[in-house]
Every structure is written in structure tokens, then in C-alpha cells.
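J.: The active site, nucleophile annotation in Swiss-Prot covers Cys31, Cys34 and rests on similarity to another entry. Look at Swiss-Prot and you will find Cys31-Cys34 tagged as disulfide bond. Taken from Swiss-Prot, the feature domain 'Thioredoxin' applies to 2-107. Annotation source Swiss-Prot lists site 'Deprotonates C-terminal active site Cys' at Asp25, citing similarity to another entry. According to Swiss-Prot, the site 'Contributes to redox potential value' annotation covers Gly32, Pro33, on the basis of similarity to another entry.
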Amino acid sequence: MSISQVIDTSFHEEVINSRQPVLVDFWAPWCGPCRMIASTIDEIAHDYKDKLKVVKVNTDQNPTIATEYGIRSIPTVMIFINGKKVDTVVGAVPKLTLLNTLQKHLKST
């Protein structure tokens, strides 16, 4: 499954209205730690393609949604289920940390 780039105007439709759980990666092109976890996000998108939608939000180009969700540091990864934010992971964390957080919420869906 490919990762969609979501913008301020499409966030509601792509994330809030999604019937699938959604992992949202808030990032920026200049952010070194964002580039460090990019391959992890790609792997998760591939490995969970039947269970999870993965999208990216460029915070430089989409400041409205970044502000709405209180993004102060990037990368920030948020998990949404049924249109509600259920968890947040801030920083370039190990893949296992993201997977454990994700598994915790996917078990309940």
C-alpha cells in the first residue's frame, strides 16, 4: 500500500472519516529524524496494508492541521481509530516502539 500525502483540506476526509485505523506521520523535508524513521513508516505501511492506512502530513506545507493537533516536535506519529486520536509517539523512536504502540490499538479494533 502506498502512503498518501495528506493536506489541511483533505485531512478530515482521509483520516477522520476513514473506516480503517490510520497512522499519521507529521514530518518536514528538512527534519533529519523524520528521514531516519521514513523507512520504518514505509515498512509499517507495507506490513499492515490490510489493517491500517498510513498517511504523511508535511507540517511546513500544512500548518493548520499541525497546529490543530498541537504538533510542536517532529517527527510525530499519531494513531487514529474511528476518527479519534488514540495515541501519539514523538521523536525518532525505534521501530519496535512504534509497533508495540500500534499493536496495542489494533488489537482493540
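Cβ from N, Cα, C; glycine included.
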J.: So which recorded positions are near Asp25 (site 'Deprotonates C-terminal active site Cys'), with CA atoms within 10 Å, out of Cys31, Gly32, Pro33, Cys34?
T.: Cys34
J.: Reduced to three states, what secondary structure does DSSP give Cys31 (active site, nucleophile)?
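T.: In the DSSP reduction, Cys31 (active site, nucleophile) maps to coil.
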J.: If you draw a 10 Å sphere around the Cβ of Pro33 (site 'Contributes to redox potential value'), how many other Cβ atoms fall inside it, taking every protein chain shown into account?
T.: 14
J.: Let me know the DSSP-derived helix, strand or coil state of Asp25 (site 'Deprotonates C-terminal active site Cys'), please.
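T.: The residue in question, Asp25 (site 'Deprotonates C-terminal active site Cys'), is strand (DSSP, three-state).
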J.: Taking DSSP states H, G and I as helix and E and B as strand, how many residues of the domain 'Thioredoxin' (2-107) are helix, strand and coil?
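T.: DSSP classes over the domain 'Thioredoxin' (2-107) add up to 40 helix, 27 strand, 39 coil.
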